[in-house]
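Participant: Sharing a structure with you now.
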Amino acid sequence: MTPDPRLADSAFLKAARGEPVPHTPVWYMRQAGRSLPEYLAVREGIGMLESCMDPDLVVEITLQPVRRYGVDAAIFFSDIVLPLKAVGVDLDIKPGVGPVVAHPVRTLADVEAIPDLTPEHVPFITEAVRGLVGELGGTPLIGFAGAPFTVASYLVEGGPSKEHARTKAMMFGAPDVWDALLRKIAGISASYLEVQVAAGASAVQLFDSWAGALTPADYRAFVMPHSARVLERAGALGVPRIHFGVGTANLLGLMGEAGADVVGVDWRTPLAHAIALVGDRGVQGNLDPTLVFAPTEVMTARAAEIVEAGRAARGHIFNLGHGVIPSTDPDQLKRLTEFVQTYPR
């Protein structure tokens, strides 16, 4: 669809492309979520996956933080396992646990049984994105997908894991199955991003939540080529690509090399160090999410340090170093947003 002409002035998109910005743009991972009373109200009694498949609800939830905070970008409300559910994988998201897969992937036959994703699998995504773009006007919408390693971990472990033992056992011990699985997921994630961009998303973010469990050598050998496939297909869409993982200080350079325009940085890595690692790419981050619980002057002082450090990057998008914590005070996040957006350039 035809982009809103006001998007040409978006500070978020300018920063993502490495262009001069009127102010440091800001948005937050999980900005639409349990920290907002209006989110809890509309989600009451409705499961996560059911919520993600209801276009009207997705539009409302995605818009809530834009209305409340005035952030510089909206991120599409969904879940990284939704594309798997859409193609027929038997899974659910259990409160307090996370995604649970009924029949974990163990063999090549298990991989081959997973269908490729087509737009016909996710008509509700197209409808929701189109509705959002119409409502957002000059505020860009970020589409997103899960990166192959993180999605593979859920499929192999059968749910969330701290050790990723079965995942790594397959990676090291059954490389043919591993390669087939990550190729399959890369195709699904890339197709999911294509659907969102075709409907009007202005940027994409690839989430690799569990990549920090890998050494640089293992990431390069077993994971990076598959993430690169997703980012390459996203690059062909002509929108900025953000690549984010948690605990990835030793992988930031490689995550950029995989094909990102902007590399997300968690709170444990000094932003100046991250900028040196990613080279001629933008960065996103990276305030510790718990600093929103600190006195306002402490929070804003740390935010100022991050904004100042971000000046050395090709482009800087302010964010937390991970998702908004559910018990966060929305009023404090509003103060943070206004502070960053009005901080002198």
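Including glycine, each Cβ sits where the backbone N, Cα and C put it.
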Participant: For the substrate site that Swiss-Prot lists with Arg30, Gln31, Ala32, Gly33, Arg34, Asp79, Tyr154, His322, give the additional residue from the candidates Ser209, Ser227.
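Facilitator: So the substrate site in Swiss-Prot includes Arg30, Gln31, Ala32, Gly33, Arg34, Asp79, Tyr154, His322 plus, from the candidates Ser209, Ser227, Ser209.
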Participant: Report the member of Arg30, Arg34, His322 (the binding-site residues) whose C-beta atom has the most other C-beta atoms within 10 angstroms.
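Facilitator: Ranked by Cβ atoms within 10 Å, first place goes to His322.
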Participant: Can you give the largest Cα to Cα distance in Å, as a whole number, for the residues Arg30, Gln31, Ala32, Gly33, Arg34, Asp79, Tyr154, Ser209, His322 that bind substrate in the record?
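Facilitator: Of all Cα pairs among the recorded substrate binders, the widest measures 23 Å.
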Participant: What is the number of other Cβ atoms found within 10 Å of the Cβ of Asp79 (site 'Transition state stabilizer')?
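Facilitator: Result for Asp79 (site 'Transition state stabilizer'): 17 neighbouring Cβ atoms inside 10 Å.
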Participant: Whole-number Å only: compute the distance from the Cα of Ala32 (substrate binding site) to the Cα of Asp79 (site 'Transition state stabilizer').
Facilitator: 12
Participant: Enter the number of other CB atoms within 10 angstroms of the CB of Ala32 (substrate binding site).
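Facilitator: Its Cβ shell of radius 10 Å holds 24 other Cβ atoms.
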